[in-house]
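K.L.:
Mind having a look at this structure? Questions to follow.
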Amino acid sequence: MDSAAPSLLRAASPADLRRVVAGWHAAAETVAFVPTMGALHDGHLRLVEQARLEARHVVTSIFVNPTQFAAHEDLGTYPRTLERDATLLAEAGCDLLYAPTASTMYPAGFATRIAMDGPALGLETDHRPHFFAGVAIVVAKLLNQAQADVALFGEKDYQQLRVITRLVADLDIPTRIVGVPTERDGQGLALSSRNAYLSEGELDIARRLNGRLAAAAARVRAGDPIDAVEQETGAALLVDGFASVDYVAVRDAETLNPLKAAVDRPMRILAAAWLGRTRLIDNMAA
Ligand SMILES: Nc1ncnc2c1ncn2[C@@H]1O[C@H](COP(=O)(O)OP(=O)(O)OP(=O)(O)O)[C@@H](O)[C@H]1O
Ligand SMILES: CC(C)(CO)[C@@H](O)C(=O)[O-]
Ligand code: BAL
């Protein structure tokens with residue numbers, strides 16, 4: 001373990017991570033955990049900020065998890081900016097950066113899989129069938145390794161948040177899960193590491209997504225038929241310039257079950273669409 005950036009501890013093995021966390025717990029000090037894949041932006045720093053309100057110490061992990069990428073996806077080109085990330089984390093008041101290697105997380109002979117139904121069905125799974133198995137295994141491992149009191153995840157990845165909440169309940173993992181609202185730029189674009197792939201022209205188009213979802217959410221609340229809203233919003237995104245739309249879907253906000261008509265419990269509208277070779281997701285309350 002060393003401490004390159006000011007007052008930021010570092011760990012690369014579960015044993016080192018646990019030793020530090022156990023020390024804090026022995027002093028009756030609470031610990032919050034922010035799992036990430038790095039290439040940090042203000043959305044991640046918002047999670048760290050919230051984490052500081054939830055606990056005395058903050059641990060952030062950076063691990064670009066190979067099991068949640070399909071062979072044709074962007075594992076090889078995913079932005080990696082570890083030293084810049086470390087500086088940002090130190091400035092944001094994070095106490096410890098945990099950055100394990102792939103062989104630490106998945107040593108030779110690794111043989112465990114987690115299959116999930118419920119909120120993992122449909123939406124992202126229809127287009128990234130490998131995705132939640134990869135997220136579930138890595139998050140279960142990270143939460144076991146960190147032994148934190150609370151872990152924070154962004155609503156930007158809303159289905160992921162619901163899946164992780166279910167996973168932690170189902171596996172009796174004693175870490176409280178907190179969802180953090182989506183951080184957006186001045187024009188409403190959800191901050192995302194993958195925005196770095198977009199050209200200026202593509203950014204202009206990307207910034208239309210949140211407005212389309214806000215208009216769709218208002219229509220759903222006003223009682224417009226859900227299937228018409230979903231279909232017309234998808235068509236509008238294509239007119240805006242998106243290359244293709246994976247889904248626009250209105251769901252029960254907690255279970256993510258499909259809805260035939262508006263209900264008087266919280267609903268969520270979720271979308272995924274492509275700009276060139278970049279896939280963007282966004283969602284909001286409906
Ligand atoms: N704009 C945002 N607002 C709030 N939380 C966010 C935002 N972007 C990402 N997060 C959260 O940060 C955590 C780490 O996400 P990740 O490292 O995958 O970043 P990302 O920007 O979502 O990257 P990607 O472009 O791969 O989706 C997740 O819990 C994610 O939901
Ligand atoms: C939760 C997560 C860190 C698991 O790799 C990742 O899916 C992410 O950054 O959203
Ligand atoms: N933010 C979710 C991670 C992924 O898309 O792989």
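Easy rule for this one: first residue shown is 1, then count along the chain.
Heads up, the Cβ atoms here are built off N, Cα and C, so glycines get one too.
Remember, TrEMBL labels are computer predictions, not curated facts.
Relevant sequence annotations retrieved from TrEMBL are reproduced here:
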- 37-44, 154-157, 191-194: ATP binding site (BINDING)
- His44: active site, proton donor (ACT_SITE)
- Gln68, Gln160: (R)-pantoate binding site (BINDING)
- Gln68: beta-alanine binding site (BINDING)
K.L.:
Can you list which of these binding-site residues (Ala39, Gly43, Gly154, Leu191) have a Cβ closer than 6 Å to ligand 2?
P.N.:
none
K.L.:
Ligand 1: which of the binding-site residues Gln68, Gly154, Leu191 have a Cβ closer than 6 angstroms to it?
P.N.:
Gly154, Leu191
K.L.:
Where does Met37 (ATP binding site) sit by DSSP, helix, strand or coil?
P.N.:
coil
K.L.:
What is the total of other Cβ atoms whose distance to the Cβ of Gln68 ((R)-pantoate binding site) is within 10 Å?
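P.N.:
Taking every protein chain into account, the count is 21.
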K.L.:
Quick check for the class: what is the C-alpha distance, in angstrom and rounded, between Leu191 (ATP binding site) and His44 (active site, proton donor)?
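P.N.:
If we compare the Cα positions of Leu191 (ATP binding site) and His44 (active site, proton donor), the gap is 9 Å.
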K.L.:
Cα of the residue listed as 'active site, proton donor' to Cα of Gly154 (ATP binding site): how many Å, rounded?
P.N.:
8
K.L.:
Inside 10 Å of the Cβ of Met37 (ATP binding site), count up the other Cβ atoms and send me the figure.
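P.N.:
If we count other Cβ atoms within 10 Å of Met37 (ATP binding site), we arrive at 17.
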K.L.:
How many Å separate the Cα atoms of Gln68 ((R)-pantoate binding site) and Met37 (ATP binding site)?
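P.N.:
Answer for this pair: 11 Å between alpha carbons.
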K.L.:
Got a sec? Which of these recorded positions, His41, His44, Lys156, has the most Cβ atoms within 10 Å?
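P.N.:
Comparing the recorded positions His41, His44, Lys156, the most crowded Cβ belongs to His44.
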K.L.:
Please report the Cα separation of Gly43 (ATP binding site) and Gln160 ((R)-pantoate binding site) in Å, rounded to an integer.
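P.N.:
That comes out at 16 Å between the alpha carbons.
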K.L.:
Could you tally the C-beta atoms, other than its own, that fall within 10 angstroms of the C-beta of Ala39 (ATP binding site)?
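P.N.:
There are 20 such Cβ atoms around Ala39 (ATP binding site).
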